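Feature annotations, courtesy of Swiss-Prot:
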- Lys40: active site, proton acceptor (ACT_SITE)
- Tyr263: active site, proton acceptor (ACT_SITE)
- Arg136, Met310: substrate binding site (BINDING)
- Lys40: N6-(pyridoxal phosphate)lysine (MOD_RES)
Amino acid sequence: MISSFHRPTVARVNLQAIKENVASVQKHIPLGVKTYAVVKADAYGHGAVQVSKALLPQVDGYCVSNLDEALQLRQAGIDKEILILGVLLPNELKLAITRQVTVTVASLEWLAMAKQEWPDLKGLKVHIKIDSGMGRIGLRSVTEVDNLIAGLKSMGAEVEGIFTHFATADEADDTKFNQQLQFFKKLIAGLEDKPRLVHASNSATSIWHSDTIFNAVRLGIVSYGLNPSGSDLSLPFPLQEALSLESSLVHVKMISAGDTVGYGATYTAKKSEYVGTVPIGYADGWTRNMQGFSVLVDGQFCEIIGRVSMDQLTIRLPKAYPLGTKVTLIGSNQQKNISTTDIANYRNTINYEVLCLLSDRIPRIY
């Protein structure tokens with residue numbers, strides 16, 4: 001979708017807050033540990049290029065989801081290491097080697113395919129993924145990893161790192177976390193040829209399990225000022241939420257008792273009341289199930305009434321406000337605040353998803 005600069009709906013991204021959040025985590029982890037900024041999914045909706053440039057002096061590299069995200073950073077002039085966390089099939093390796101993008105290898109099947117499709121891996125930097133219990137991608141045994149490392153090196157690749165990902169690092173019950181940690185430690189200890197970089201710490205592990213950090217961390221959601229657990233665990237230090245979302249009233253009217261609002265006529269006024277229309281809808285990532293939630297106008301919580309439409313939503317107002325009056329959907333308005341986690345709790349989802357669903361139709365202002 002094209003970014004809509006000619007309407008009042010915008011996301012404001014505080015890059016200084018992101019820099020300070022990363023600095024706060026770095027103070028909390030052991031000295032000498034490398035920091036990778038996770039900027040996949042357009043930096044969780046904050047803008048991958050802008051965030052990466054802002055963090056350039058603070059981090060050692062970046063993590064993305066796929067090759068296209070890596071190339072976007074290279075084209076923007078980012079010259080530090082970029083690690084693709086997902087699997088890149090061997091038919092795309094030429095571009096990864098040319099643009100000096102580090103790839104994740106997660107199986108011996110990948111190695112066999114590479115031997116057929118791109119046997120010369122000279123110039124390719126690799127991190128090996130271990131499935132310690134997440135159940136998505138990765139190898140599960142010392143023998144497999146030893147064979148993979150030997151095979152990759154014989155084809156000319158540099159095996160720089162090895163890593164895993166925890167499924168429950170953001171939960172109070174650490175049983176599964178400890179099982180995964182012990183599995184990973186045992187596997188690493190059994191390797192004949194251990195890669196230089198070992199990393200297992202995502203945002204949650206970095207802040208709640210800092211004693212388990214190896215020699216690199218991957219900082220994602222905490223960089224953007226959000227609690228990885230939502231509301232389940234307390235943060236050990238304060239973070240600044242970096243993104244706010246705002247719009248304006250574009251239509252205000254009074255309706256009478258018995259009048260309905262929105263598709264399906266799901267809202268019926270019980271008395272005369274003022275209704276405001278705001279130009280944001282589910283095409284922007286403000287999902288239909290937000291009916292009944294509130295936004296902030298003039299420091300007051302105003303309920304979303306009627307179904308959220310593709311491009312608009314309607315709110316109940318305490319009085320008639322002029323067109324152009326500010327509407328806050330995420331962030332502060334006259335000492336009142338709506339957080340991304342508040343929205344996630346209402347939707348019965350996670351704060352990550354709320355941010356990632358904000359579409360590129362909403363301009364990001366820095």
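Sequential numbering from 1, following the chain as shown.
Just so it is clear, glycine is given a Cβ too, placed from its N, Cα and C backbone atoms.
Given the structure is predicted, the values throughout are model-derived calculations rather than measurements.
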Sorted by position, what residues of the same chain at least six away from Met310 (substrate binding site) have a C-beta under 8 A from it? Gly281, Tyr282, Ala283
Using the alpha carbons only, what distance in Å do you get between Tyr263 (active site, proton acceptor) and Lys40 (active site, proton acceptor) once rounded? 35
For Lys40 (active site, proton acceptor) and Arg136 (substrate binding site), determine the Cα separation and express it in whole Å. 17
If you count other Cβ atoms within 10 Å of each one's Cβ, which of the recorded positions Lys40, Arg136 has the most? Lys40
State the three-class DSSP label for Tyr263 (active site, proton acceptor), counting H, G and I as helix, E and B as strand, and everything else as coil. helix
Quick check: in three-state DSSP terms, what is Arg136 (substrate binding site)? coil
